[in-house]
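Engineer: Pulled the feature table from Swiss-Prot, pasting it below:
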type	residues	note
BINDING	Tyr15, Gly42, Lys109, Tyr132, Asn187, Asn292, Arg388	substrate binding site
BINDING	Tyr72, Ser108, Lys109, Tyr132, Asn187, Tyr218, Ser246, Phe247, Ser248, Arg257, Asn292	pyridoxal 5'-phosphate binding site
MOD_RES	Lys249	N6-(pyridoxal phosphate)lysine
Amino acid sequence: MAQLNDNYLKLKAGYLFPEIGRRVKAFSQANPEAKIIRLGIGDVTQPLAPAVLKAFHDGVDDLANKDKFMGYGPEQGYEFLIDTLIEKAYKPLGVELKTSEIFISDGSKCDCANILDIFALDNKVAICDPVYPVYNDTNVMVGRTGEADDKGYYEGLTYLACTEENGFTPAIPKEKVDIIYLCYPNNPTGTVATKEVLKAWVDYALANDAVIFFDAAYEAFITEPGIPHSIYEIEGANRCAIEFRSFSKTAGFTGVRCALTVVPEELLAATGNGEKVSLNKLWNRRQSTKFNGVSYPVQKAAAAVYSDEGWAQIKETIDYYMENARLIREGLQEAGLTVYGGVNAPYIWLKTPNGMSSWDFFDKLLSECHVVGTPGSGFGPSGEGFYRLSAFGDRENVLTAIDRIKKNLA
């Protein structure tokens, strides 16, 4: 009989969002008249920007024209998109990148998982807690961990507590680790890292020959000046960091699928015998073998995101979501709740009232307010007692949801 990958059996029962879906489905079936408002999974609700949609259509039309038809594209992405990203997304930050250092993909979630293909299993990995579950679960899947303990911590991983007491900013680990996951603006807490904080991580990584996986999926939602949008704004990061970015939330591409990963040519890792090897070359080899590239029309649409017209339209949508975040944040505060985030990120991280558990609060909001959010404990043990709400809803639904919460909890 064929044998399976036993590591999958170590995973905690049910990925967070499917479990939310299961509970919501059960409640809906029992209460068919309830109008449920979903502020849980961070999916967007506003349509693609007109300039992006036009470029998307143009890309499809090109495929109907024999002279412009495109078949297989480069696995790394078309240069017209990569060059646009270099000029419009990175140069304004003072970051200089080469065409060979940007890889276009169909999602940051995939890249955050697939990047593990080029790293040895005996690397010591540090993950923030609470955290986007994909970081944790994919390390379990590849066999880097033992079993989970009663709290949900997996043997073999180093967890960096992000708590109310430390402002949800983890301390630099005292021991040596090889790979560090950082996400800023942070999902789920909505916090950001200053240049001083990121410099401390870069200095640690350089001193310990570690690699930082920097998830910048929400950088476009930063509203305050002086907050870094890229790890490469920090001197030396090109020698110790891989950056992941996504068009999903920035441009409403959750159903379109496009992202990018930056692997600098200066970034090296060691072989078993100590030889230094370029991670850029290894990632290129991995992508060329396992990935066929993002479709041409999608990349045409992605390039239009950074046109003057496209970015102006997208900025309006981002502002719409961040106004939702303000309304949620202030509404929850009026209800007497302690709230974090929602200023530089589209997520609000609230403290559950009266010491209630995260899942009990989920059930309370669902049954009493018909509002769905995300239990903080689903992001890790340190998320227990907290709850995440997303600002990606329609304005009317956001206002209705907050009104319901205020009436039931105030």
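Placed from the backbone N, Cα and C atoms, the Cβ positions cover glycine too.
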Engineer: Which residues does Asn187 (substrate binding site) neighbour through Cβ under 8 Å, counting only same-chain ones at least six apart?
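Structural biologist: The answer is Gly42, Tyr132, Asp215, Ala217, Tyr218, Ala345, Tyr347.
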Engineer: Which three-state DSSP class does Asn187 (substrate binding site) fall into?
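Structural biologist: Assignment for Asn187 (substrate binding site) reads coil.
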Engineer: Would you say which of the recorded positions Lys109, Lys249 has the most Cβ atoms within 10 Å of its own Cβ?
Structural biologist: Lys249
Engineer: Per DSSP, to which secondary structure element type does Lys109 (substrate binding site) belong, with helix, strand and coil as the options?
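Structural biologist: DSSP assigns Lys109 (substrate binding site) to helix.
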Engineer: Whole number in angstrom, please: the longest C-alpha to C-alpha distance across Tyr72, Ser108, Lys109, Tyr132, Asn187, Tyr218, Ser246, Phe247, Ser248, Arg257, Asn292 for pyridoxal 5'-phosphate.
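Structural biologist: Result: 34 Å between the two most distant Cα atoms.
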Engineer: Among Tyr72, Tyr132, all listed as binding-site residues, which has the most CB atoms within 10 Å of its CB?
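Structural biologist: Counting every other Cβ within 10 Å of each candidate, the maximum falls on Tyr132.
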Engineer: Cα distance, Asn292 (substrate binding site) to Tyr72 (pyridoxal 5'-phosphate binding site), nearest Å?
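Structural biologist: Rounded to the nearest whole number, the Cα-Cα distance is 7 Å.
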Engineer: Show me the subset of Lys109, Asn292, Arg388 whose Cα is within 10 Å of Ser246 (pyridoxal 5'-phosphate binding site); these are the binding-site residues I mean.
Structural biologist: Lys109
Engineer: With every protein chain in view, what's the tally of Cβ atoms within 10 Å of the Cβ of Gly42 (substrate binding site), excluding that atom itself?
Structural biologist: 22
Engineer: Within 10 angstroms of the C-beta of Asn292 (substrate binding site), what count of other C-beta atoms is obtained when all protein chains are considered?
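Structural biologist: Summing over all protein chains shown, Asn292 (substrate binding site) has 12 other Cβ atoms within 10 Å.
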Engineer: Measure the Cβ-based neighbour count of Arg388 (substrate binding site), defined as the other Cβ atoms within 10 Å of its Cβ.
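Structural biologist: By my count, 26.
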Engineer: I'd like to know which of these binding-site residues, Ser246, Ser248, is least surrounded, judged by other CB atoms within 10 A.
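Structural biologist: Counting other Cβ atoms within 10 Å of each of the binding-site residues Ser246, Ser248, the minimum falls on Ser248.
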Engineer: Of the binding-site residues listed here (Lys109, Asn292, Arg388), which is spatially closest to Ser248 (pyridoxal 5'-phosphate binding site) when Cα positions are compared?
Structural biologist: Lys109
